[in-house]
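A.B. asks: To start, I am sharing the structure in question, which I have written as structure tokens.
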Number of protein chains: 4
Amino acid sequence: MGEGDSVLTEVKSLNEECGVFGVWGHPEAARLNYFGLHSLQHRGQEGAGIVANHQGALKGHRNVGLISEVFKDERELERLKGDSAIGHVRYGTAGSGGINNIQPFLFKFYDEEIALAHNGNLINAKSLRLELEQAGAIFHSNSDTEVLMHLIRRSKEAQFIDKLKESLKTVKGGFAYILMTSDAMIGALDPNGFRPLSIGQMKNGAYVLASETCALDVVGANFVRQVMPGEIVIINDEGYTIETYTDDTTMAICSMEYIYFARPDSDIAGVNVHTARKNMGRRLAEEAPIDADIVIGVPNSSLSAASGYAEKSGIPYEMGLIKNQYIARTFIQPTQELREQGVRMKLSAVRGVVAGKKVVMVDDSIVRGTTSRRIVQLLKEAGAKEVHVRIASPPLRYPCFYGIDIQTREELIAANHSVSEIKDLIFADSLSFLSEEGLIESIGLNFDAPYSGLCMAYFNGDFPTDLYDYEADYLKSLGTAPVLK
Amino acid sequence: MGEGDSVLTEVKSLNEECGVFGVWGHPEAARLNYFGLHSLQHRGQEGAGIVANHQGALKGHRNVGLISEVFKDERELERLKGDSAIGHVRYGTAGSGGINNIQPFLFKFYDEEIALAHNGNLINAKSLRLELEQAGAIFHSNSDTEVLMHLIRRSKEAQFIDKLKESLKTVKGGFAYILMTSDAMIGALDPNGFRPLSIGQMKNGAYVLASETCALDVVGANFVRQVMPGEIVIINDEGYTIETYTDDTTMAICSMEYIYFARPDSDIAGVNVHTARKNMGRRLAEEAPIDADIVIGVPNSSLSAASGYAEKSGIPYEMGLIKNQYIARTFIQPTQELREQGVRMKLSAVRGVVAGKKVVMVDDSIVRGTTSRRIVQLLKEAGAKEVHVRIASPPLRYPCFYGIDIQTREELIAANHSVSEIKDLIFADSLSFLSEEGLIESIGLNFDAPYSGLCMAYFNGDFPTDLYDYEADYLKSLGTAPVLK
Amino acid sequence: MGEGDSVLTEVKSLNEECGVFGVWGHPEAARLNYFGLHSLQHRGQEGAGIVANHQGALKGHRNVGLISEVFKDERELERLKGDSAIGHVRYGTAGSGGINNIQPFLFKFYDEEIALAHNGNLINAKSLRLELEQAGAIFHSNSDTEVLMHLIRRSKEAQFIDKLKESLKTVKGGFAYILMTSDAMIGALDPNGFRPLSIGQMKNGAYVLASETCALDVVGANFVRQVMPGEIVIINDEGYTIETYTDDTTMAICSMEYIYFARPDSDIAGVNVHTARKNMGRRLAEEAPIDADIVIGVPNSSLSAASGYAEKSGIPYEMGLIKNQYIARTFIQPTQELREQGVRMKLSAVRGVVAGKKVVMVDDSIVRGTTSRRIVQLLKEAGAKEVHVRIASPPLRYPCFYGIDIQTREELIAANHSVSEIKDLIFADSLSFLSEEGLIESIGLNFDAPYSGLCMAYFNGDFPTDLYDYEADYLKSLGTAPVLK
Amino acid sequence: MGEGDSVLTEVKSLNEECGVFGVWGHPEAARLNYFGLHSLQHRGQEGAGIVANHQGALKGHRNVGLISEVFKDERELERLKGDSAIGHVRYGTAGSGGINNIQPFLFKFYDEEIALAHNGNLINAKSLRLELEQAGAIFHSNSDTEVLMHLIRRSKEAQFIDKLKESLKTVKGGFAYILMTSDAMIGALDPNGFRPLSIGQMKNGAYVLASETCALDVVGANFVRQVMPGEIVIINDEGYTIETYTDDTTMAICSMEYIYFARPDSDIAGVNVHTARKNMGRRLAEEAPIDADIVIGVPNSSLSAASGYAEKSGIPYEMGLIKNQYIARTFIQPTQELREQGVRMKLSAVRGVVAGKKVVMVDDSIVRGTTSRRIVQLLKEAGAKEVHVRIASPPLRYPCFYGIDIQTREELIAANHSVSEIKDLIFADSLSFLSEEGLIESIGLNFDAPYSGLCMAYFNGDFPTDLYDYEADYLKSLGTAPVLK
């Protein structure tokens, strides 16, 4: 599975919901957003936007497509003058509301202008929206992001920051928000810290907020600190201050950020993502050794784990799969033959490397199994004698409600089949998953929280929060598809 | 240096001139071209086109951009009906004639229709063009490709194939041509075989021609044989036949195809590219060992060599540099700070991996040195204690006239500086290049030809042909910039 | 002055705000909207959209540009399935909010879906918006149209139609609304009937609503009746019913619809627009006769009046000015010479017709005078001996607040200069305007209302309503620019 | 029939082949081309281009679409620097070769650069092309224009102007060429002067060449003289000189230029087009009077004739048909009802004007009769009591080979039916055509040549030249479709 890009477009895979970025205090704020969002592009490819603040007046540009497509005409960047700007890259299902859902949202009121960008998923958005609509609110997008703005505008608090705090207490789920008003840029994190959000500082003193530290690096900003659960960071011309809107916090960083989503050069909670993945691979080699000729990883997200597996096992690490670096739309192909070639457009097996070999194929995770099956087939067609699949994370058996785009258990192969059954379904010669302990120890967080501060709900159903709007459906799904271990 | 994509757009780097592809005998010939050309996209990103043959009538579509952009609207593919089709991806400098230069060229005469696609560079095109214009010929592109068609149409031979043979004897330099007429698809290779060209066959019997075998794989075609120097392959509804237009041949495969251009999953002359690169890395470890903590490769083209170096040296292979998989235009940035961030948009150092480490940085080649210097800087800014640069090929000291876009010695750092000087210029702690013998033995060809069948002119100035139109300028350049070893 | 198209783009001229259209009960509802909106294109060229109702579910497409540009790809029309659809063409100043302001607006609530299109201008929108925002409402456009939806959703009435009636009583000014819910299409007109709105019926029984009857003709619908001031027409699968939301109505049809905006083939309140204009020309010939050789009209909107003038006066009607039927953007030209040529791109004088002649030039109105001056110059440069300007309406001395884009008196030449001064400013040999009585009698309405049912406020400042949000500024403008007669 | 725009797109109608324009000696030469070509847009809407000459170096831009679409981005105009430029608007059937056929053609040779634009049609192009291809020439377009350049380049003459003269003697048919070399702009007209070409001069001394004088007016150039049959005009920094390449000339101006193609504000051979048309209408009123209530013209090309008819007959001239000024693509409509509405999108009858009236409908010509039938139907549906069709030209019975896009007699209704039959086919109550004498006298040329210098071949088959490549097919067509009078 590639980063944010499935082997088959028809297979809806794990998808992060969005990346956020912001700069306060640099004359080229919009251009810095362009750089920063480009480095966060793996977090969402459906749409992008930037809102800039020019002497208190906000102006934005957003559209469907990659950030480089949205700002294909450089004049669009030049129009976004100002010393501060926030931006967003969006993941969204096709046809999910078009341009109306692309962020940052820009609201203009008689008394203030506010831009808002959101990474995550609220779990009580549906009921809040119902309440708000019943009270006369009009929504203009499908997005749950808009809920926050309605709460803020309806708050009876006197100060903006207090309205915001009140609203943040009302919304539930996973969220890393960046807001921009005329005179401040504000970041806010949910009480579990599901999504990462970091503060950086540039040489000229400008402050930067970003979903991942790779975006700090790209603009040459030094890492200052992570935003912590329940915190609000307020950045203005005076500097930055941290406030909290709740003390009822428990760290539960999304483990999939380490496993799959985040860029290897990012650090989350002080842990480098590449290093964590390499550790997962090493641990996997200990937990599930196999006699083989070569170890290969599924590019790009599994290469770190594969090299760890190779190093630990002593089996040579080889480049047995090549990902085409150019992205092409796979049209719906009229024949089965063409559909299979469509797969090979994206990923190829290196015949000269794998032919006649016993191959350990390391992947980060298995969602539906379709992709794994195709890759095993690719390798066998290229002459691999045996293909031993090693997954550098535990089986995905539960949905996520905090910002990952899998909300039903039906689509998860491991929720419906045993490991042995999955092995057969994907035509592998053997199959092993990393243990939950192995995952936790490989990442190596040490927060005073369950699982050392990781959210492990995917794997064990232990959700760090109540499920609100999702609870009924979830319980129903447990009934119809009993959990297999 | 990434495949076909320099770290800095302002640094004009090594660039392949084009990739060619063709299918004869499959009802989805145009779609197969789309797949095949996508897998050859690394050979040229400036333009692309396909010409299809529908019951003897040829129709084409071409435009600037990636193949996925040229055929963004699927209806353009659907218009290209027919059982055979040839295609082209073009590398070309910006503004080099626009759409007129994008291939395949499609010519319609009173007596026949011919499509023509070309990979390579002619060295007597300028003088041939002058002669032809003086004889009344009108050219419609800047491209040297058009020359062949004028020669064919002016030939006094009776049969098309004889006209073609006569013309192929007249043009000099590097060329892999694919032509399509109403009733045949024809491939032709220059007498030195500078550029690769392979024949494959699909399950339904359709024949495929392609610059690289990765394009055979992508359409599920089996490799049949390589087209050899001086050969013409004629494919029609009866099957394929091989003819020769000259016996005066000497194999001199472009060594840069192995070092840098070709995709790792391609085989050239029976040698897998990834394997050749890994061997170069292993040999480099023997020739230029160093005491270090980690080995890293410059993505993507140097990863194979780096893993070879690591394996042989026993130093751990790490992912110390990350290439952004999304391609974005780097606008001309107004300030130095922004320009440096533009570099980081494309390539990032992984701080968590390299900080405090003695790093062996393996790259495939050094052209101007600018890119190497920037990468060394990136690594040092990310905390690398030492950066030892190991280049998996010998120093580039001479231009190429057979299809690589470097035609003057002034731009080659190794033509103007000693290895020790280069080390200082790129801020490396040490620098070594692979030896010429090391390169030849790593690739391991065994043709009965100089350098076992490789063109080594880049490294030693031993050009396999006379230089024709380029000779005067080349000799002059030797005078002004004496060769350093 | 051409219809909706000034001679010079830099001269902001009279501009209608929008056209609306809707069909209920025809399987090709969206295509009929395309036809109908194309025939209303003269009412707005900045943006267009259609919302279709497919079995109760609403789906829309809108964008900047002409309707033919917005639906350039026919597949966009095909996506809009359903038996009913409403559409809108928008006039809007450049940069006035972009796509967010293009209608129909489509709102999706938990309990209903509503589409809304508006022709006209509210005069208390600003204060209503302020009140609504203070009560927590969030607006997503600059448009005053959105206000109505907030009022509807906040209404305490039980039934949708009662919510709508209550809201219609709250908004003030000029409006012809078309709304579409899951099960009905609704038209509503302001208490003065400033904007026209007609009901038609197709042969298959489908009902049509349209700003002008020309749009009924284009889809082959028969005229049923005009919507009257204070009326709501509710169309559903049972047929249509008329209700009223207020009895406090006074007919005051915008006289500029007859003079300039509407298409000549439309009927408004039973009066054909071409015929009304021809009458204005005839009356003008009586009121302001002149000894001349030929009569010419400024294409296209003044041709009817010019032919009336010619017929009555017995002076031959000639085609002395030609409007280029192709629309081209006039770039901002670097020199005065180029700017003048830019004018001639749009309008040319026919030298062979006007040279040596005493010309009566009939135009529908004078706004700033700039255009008139340029046309007089064009005619004189083409050799006209004398140019006698005859305006087929009274002098424009007051702004409009009900849907015409002139809201300040400073830009109106007749608000600041006497007729004699204007004559000199536009270089005319003589100048006359139609009298107010002449205008009223030429149109020939006979409603029991001031001015027989016309709004004459442009000419005499007699506004049919209070001015609400505009009152203060208007009174101030009267002070600074005293009214000249 | 509108100018260059049929009522129904599916009806291929009379179409001019192209307009040419050029400026020598003005710093804004490309912008002036933009203005001039816009005023010639009615002569061709399929493609447009401009080539500018900057200090002897030629650079061009061309594309499909209107001139305003081709130069939508003003930067394309700014790129075309230089003191001289030539341009072209092209009429061409859809799919006729795409961008390759769009002019001006720009040729770059080792010894010179030449741009070439052509209005007209060669009648021996096919045989010349065959000869040239047999001699090794390669053509890159379908256009017959390219032939001239091959002839020039293959000429054995020493001087460019002599090569050109020799080539002009070789090509046969209708042509008005504009060429531009590094140091001159050259116009050339065929020996019959079928197509108009005029010389103008701007205030700064710059010379202008244009297909119609309306384009001189638009750039503020004074008319200098018409280019005469057999003449070459050479414009360079010294001024202009006239040479002749043949004395064997006979004036035969295309009568359809006066009847239909040219803009009313243009003069051709000293006769204003509007005035000629008005005279045709007056003469038609004398030749074919009728008792009726109103006279209407089919917009836009028949309005002049209609006003002439009205004036002479004393019957009031009315605006009974309205052409939508906005151009929209008529998609292929799925039902007959929608197809009829598609017609009404372009042209509407004014019910209030025609209802209950006996109408004289004046049109300029009848080609297939389809359009006339639809318009008569429109008028009757709008309530016209009687529709008397009066055509301001004689019946079209013969094809044209000199630049009008009707080359077979099968499509001409008057070649296959009597006037009485046509009347019935178009549902008219009566039908009359202008006589040939009436046409000639209305235009009023007095050249010493047949028909006073008009080409009347359309009407009487009296072609001014041999027919060369078209002769065989033409004679065959006479056999199968005997001429009706």
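The backbone N, Cα and C atoms fix where each Cβ goes, and this holds for glycine too.
Quick caveat, the model's predicted, so the values are computed rather than measured.
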A.B. asks: Can you match one of C:Ser301, C:Ser304, C:Ser307, C:Ser430 to the Mg(2+) site that TrEMBL gives for C:Asp363, C:Asp364?
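C.D. replies: TrEMBL names C:Ser301 for this Mg(2+) site.
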A.B. asks: Which number gives the other C-beta atoms within 10 angstroms of the C-beta of C:Asp363 (Mg(2+) binding site), all protein chains shown included?
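C.D. replies: C:Asp363 (Mg(2+) binding site): 23 neighbouring Cβ atoms within 10 Å.
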A.B. asks: Give the distance between the Cα atoms of C:Asp363 (Mg(2+) binding site) and C:Cys18 (active site, nucleophile), rounded to the nearest whole Å.
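C.D. replies: Just about 23 Å between their Cα atoms.
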A.B. asks: Give the sequence-ordered list of residues that share a chain with C:Cys18 (active site, nucleophile), lie 6 or more positions from it, and have CB atoms under 8 Å from its CB.
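C.D. replies: Counting only residues 6 or more apart in sequence, the Cβ neighbours of C:Cys18 (active site, nucleophile) under 8 Å are C:Arg43, C:Gly44, C:His88, C:Val89, C:Arg90, C:Tyr91, C:Gln103, C:Ala117, C:His118, C:Asn119, C:Gly120, C:Ser211, C:Gly403.
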A.B. asks: Other than its own, how many Cβ atoms are within 10 Å of the Cβ belonging to C:Asp364 (Mg(2+) binding site)?
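C.D. replies: There are 27 such Cβ atoms around C:Asp364 (Mg(2+) binding site).
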A.B. asks: Would you count the other CB atoms within 10 A of the CB of C:Ser301 (Mg(2+) binding site), including those on all shown protein chains?
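C.D. replies: Taking all protein chains shown, C:Ser301 (Mg(2+) binding site) has 26 Cβ neighbours within 10 Å.
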A.B. asks: Mind looking up the mean pLDDT for the domain 'Glutamine amidotransferase type-2' (C:18-238) in the predicted model?
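C.D. replies: A mean pLDDT of 94 is what the predicted model shows over the domain 'Glutamine amidotransferase type-2' (C:18-238).
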